[in-house]
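Undergrad: Structure below; questions to follow.
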Amino acid sequence: MADLAERPLHHLPAHEVVLLLESDPDKGLTSEEAGRRLERFGPNVLPKFRRHGPLVRFLLQFHHPLIYVLLAAAAITAVLGEWVDAGVIFGVVLVNAMVGFIQESRAEKALDALVSMMKTEATVRRDGRRTKIPSAQIVPGDVVLLESGDKVPADLRLVAVRELRIDESALTGESVPVEKADLVLAPETVVADRRNMAFSGTLVAYGQGRGVAVGTGAATELGRIHQLIGETTEIATPLTKKLAYFSKVLTAAILGLAAVTFLLGLWRGQNPAEIFMAAVALAVGAIPEGLPAAVTITLAIGVSRMAQRHAVIRKLPAVETLGSTTVICSDKTGTLTKNEMTVQAILAGDRTFDIEGAGYEPAGEIREVGRQSSTVNREEVARQAVTVGSHVPLDTALCELLTAGALCNDAQLVEQEGRWTIVGDPTEGALLVAAKKAGIDPGQAGERFPRIDAIPFESERQYMATLHRGDSGREAVIYLKGAVEKTLRLCDRMLTAEGSEGALDAPSVLGQTDAYAGRGLRVLAFARKSAPADRATLSDRDVEEGLTFLGLQAMMDPPRPEAIAAVRACRTAGIAVKMITGDHALTARAVAAQVGLDGRKRPENGELVAMTGQELAATPPEALADAADNTAVFARVSPEQKLRLVEALQARAHVVAMTGDGVNDAPALKQADIGVAMGLGGTEVAKEAADMVLTDDNFASIEAAVEEGRCVFDNLTKFIVWTLPTNMGEGLVLLTAIAAGSVLPILPVQILWINMTTAVALGLMLAFEPKEPGIMRRPPRDPGQPILTGVLVERIVLVALLMLAGAYGVFLWEQQRALSIEAARTAAVNVFVMVELFYLFNCRSLDHSMFHVGVFSNPWIWRGVAAMVGLQLLLTYVPVMNRLFHTVPIDGTAWLLIVTISVLVYLIVGFEKRLRRWWLQAPPERPTVAQP
Ligand code: ATP
């Protein structure tokens, strides 16, 4: 294969490029050749790029104001000759940096795993066949097929295009899609103007195309840019940013306070070394240094839990927003329903038929409605099918209708070990099954009337059409299928049951459509038109008028049972669910009723009101918010209207999650607070625009993600409520001692010990807390509400005061027992740790006791508790630790006191929660029960 690096490929005709690449524009590469090239060129992925290597990332751990303070303190302590203290402080800083580094790497890994879950696929021609392969396996020379919604998987020289328009904003910043063409361009043409090329990472906005891969992986334009700017995995959300800011301000304030304390002490003539140590202790104790790391870890754990439940987060802030979601706007097909279609009823000519059978197995009778014993004779239909499209008058429309369904179709029906499945769109798969039930073989029909060209289905167009060569040189025939209203507009006559063409009876067709849709069936209309035998292409203009209506096929798509449960769960969680679908209003309404949606109802019969796209368009802007807020079902909605709906709901201060799969859903997905794309059925464009991608396209996964989102927020709050009292308590103890001019009850190195060990062994375990029972029985969190409500602030202050009283009290009491000052300090340190340990159990639920969430529901808590107890015993009884941390062994009496205080704190907080629950539940004025 020639070296392409220096060749201006856009300047060569397409066939020369193909030649250079030793490929075949029609057949593509062979699998063996592709395998060889994969070895030679490597996978089609961008090289992993980290802005910082591990060493720099480790060093960055020291880049915090508090660490500077600690390092300065260590240096000054060393100058003062306190080598052990200096060493301990330095050691703690080092350990802290290591823990931070590991945690950060873990969080990043969890997020990286998401990236690898989001592997994209591409359609290529290999061995003469159209196949889907992971984009990573594309090699130079591969013939890649593009269609609207795809992400271009490699740099391609286009060999054929059909109204192909590509959004290259990711590469060039140009937001208007570029119209592509198979041209030969001047050598100096810049990348943005190379209209005969498609570039990796750009998105197909419209049309179709075929191109040969000329560059993969790092050898693409995207790869070049990627190397220039690198890639950042930022672990930040509005909340983490807010907390980081809070931490910064707090740090500055506490450093100020420490400085003032130091100066005040000097002014009062205290020993400079001692008062310096006191100021350092204050700074170390009062700054919640574990907070940012805990937040990151909690978010990362939430993200991987969501991924396990089929919701892959693409943008981290979504984790937070999910917990506040108030409205979920969902597609119908495949999300609320199973997307397993079965044709159940047919209108052909003026006759209606029922079809038996479920699933994709082509077994079941077709029975004419109203006639007792009139099943369709398969042999008869098969015989007639031979004449399809040949303009020999057919004596039945049914056969032509089913053949139209089989030919105007991109799906395939496959049997594997007796199991029938379909490849492609289930709507189309159902049509193949229906045809086969009547004895029409889609494969044979396709061979007899080969497809020459097609207009693919798109939601906006609402139809698909195909052009087929006629039998033995006869006229060609166009088949069209689509939404009923749309199709009828294109027809001016209809095929009668006997096969002659008669006047179109639109009202009766629409009546039958309503009858089917009212049963929740999805209705498709079919039509045909003949075309000159030499017609080679098909465009929208060819089917604008003059079609002959063939009939209707109505299919059942059962609701997903888990979606029904999820809708119910959303309802108790105060989240409104709305269905926004391209389907018929009556079908939508029937399905909505089946899955249990709740919204505006008709007063006369209590049925859900379904608003159509047309009605939406006619609704004045000022009335839209009201309509959007109160209506549960929106049918025949265009993607632009989805955007309007999101905006209208947001105007009502709703936090909106919106699903989408098509190219044109992208603006709505971006506008929504949480854009949700379908991982299986969605286009790459939609995924790119979304905040979250569902790997199973299931509504229940959105509800699961909301649940996890709420849990993340809960766990973050729990950590904050757990950690702040310690900082405050330590600060208060030190300030009290300084004010009283007494010796410090806890030393800086001891404070360092408390803060570092408890944060990792105890606090972090809260990130693993499972969801609280009833998490989906409370209303969504108001995003404007601060993390710490008044109640929580009060609790933090209460526990801080209890810590102050406990630690200071024990410190004084131990001294009174005429024990050493070291023993008194050791006891005080143990009070802090043990109170934190027992208070951790309180923090497992913000409103209830630990028994409400299950004593053993979070095994990590118990592991952490065991580790912490072990660490405290080491600190208290191991001689080395005694030397390093100025501790001494303490006696049983001291322990008894420490544990009693800790249990008391646990009970007091438990009582406080109970009191508040009682207060909240108590009606404002208790009704007095009349005594007889
Ligand atoms: P949702 O938006 O909930 O997924 P949907 O799948 O019904 O709903 P669209 O895909 O936009 O929405 O389909 C709109 C209409 O177009 C359908 O009601 C049907 O009449 C018609 N239609 C759907 N799929 C095809 C197809 N493959 N070929 C022709 N017409 C189709």
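Here the Cβ of each residue, glycine as well, is placed from N, Cα and C on the backbone.
When I checked TrEMBL for this same protein, it listed these features:
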- 8-82: domain 'Cation-transporting P-type ATPase N-terminal' (DOMAIN)
- 58-80: transmembrane segment (TRANSMEM)
- 86-102: transmembrane segment (TRANSMEM)
- 249-269: transmembrane segment (TRANSMEM)
- 275-301: transmembrane segment (TRANSMEM)
- 719-744: transmembrane segment (TRANSMEM)
- 750-768: transmembrane segment (TRANSMEM)
- 788-811: transmembrane segment (TRANSMEM)
- 823-841: transmembrane segment (TRANSMEM)
- 861-880: transmembrane segment (TRANSMEM)
- 892-911: transmembrane segment (TRANSMEM)
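Give me the lay of the land around each of these features.
TA: Under 8 Å from some Cβ of the transmembrane segment (58-80) lie the Cβ atoms of residues 52, 86, 89-90, 92-93, 96-98, 100-101, 104, 248, 251-252, 255, 273, 276-277, 280, 283-284, 287, 289, 748, 752, all in the same chain and six or more residues away from its ends.
Distant neighbours of the transmembrane segment (86-102): 54, 57-58, 61-62, 67, 70-71, 73-75, 77-78, 289, 293, 748-749, 752-753, 756, 760, 884-885; these residues of the same chain sit at least 6 beyond its ends, with a Cβ under 8 Å from one of its Cβ atoms.
Through the fold, the transmembrane segment (719-744) approaches residues 254, 261, 264-265, 268, 270, 274-275, 277-278, 281-282, 285-288, 290-291, 294-295, 298, 751, 754-755, 758-759, 762-764, 766-767, 787-788, 792, 795-797, 799-804, 807-808, 821, 825, 828, 832, 835-836, 839-840, 843, 846 of its own chain, all at least 6 residues removed from its boundaries and within a Cβ separation under 8 Å.
A Cβ distance under 8 Å defines the sequence-distant neighbours of the transmembrane segment (750-768), meaning residues of its chain 6+ beyond its ends; these are 70, 88-89, 92, 95-96, 99, 281, 284-285, 289-290, 293-294, 297-298, 301, 715, 718-719, 722-723, 726-727, 730, 825, 829, 832-833, 836-837, 840, 843-844, 858, 860-861, 863-865, 867-868, 871, 875, 885-887.
With a cut-off of 8 Å between Cβ atoms, the residues of this chain six or more beyond the transmembrane segment (788-811) that come close are 717, 720-721, 724-726, 728-730, 732-733, 736-737, 745-746, 824-825, 827-828, 831-832, 835, 839, 846, 894, 897-898, 901-902, 904-905, 908-909, 912, 916.
Within the same chain, residues 722, 725-726, 729-730, 733, 744-747, 750, 753-754, 757-758, 762-763, 765-766, 799, 802-803, 806-808, 810-812, 814-815, 850, 861, 864-865, 868-869, 872, 875-876, 886-890, 894-895, 897-899, 901-903, 905-906, 909 sit at least 6 positions outside the transmembrane segment (823-841) and bring their C-beta atoms closer than 8 Å to a C-beta of that stretch.
When Cβ-Cβ distances below 8 Å are used as the criterion, the transmembrane segment (892-911) is approached by residues 795, 798-799, 802-803, 806, 809-810, 813-814, 817, 823, 827, 830-831, 834-835, 837-839, 841-842, 849 of the same chain, each at least six residues removed from its ends.
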Undergrad: Write out how many residues of the domain 'Cation-transporting P-type ATPase N-terminal' (8-82) are helix, how many strand and how many coil, based on DSSP.
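TA: Across the domain 'Cation-transporting P-type ATPase N-terminal' (8-82), DSSP assigns the residues as follows: 43 helix, 1 strand, 31 coil.
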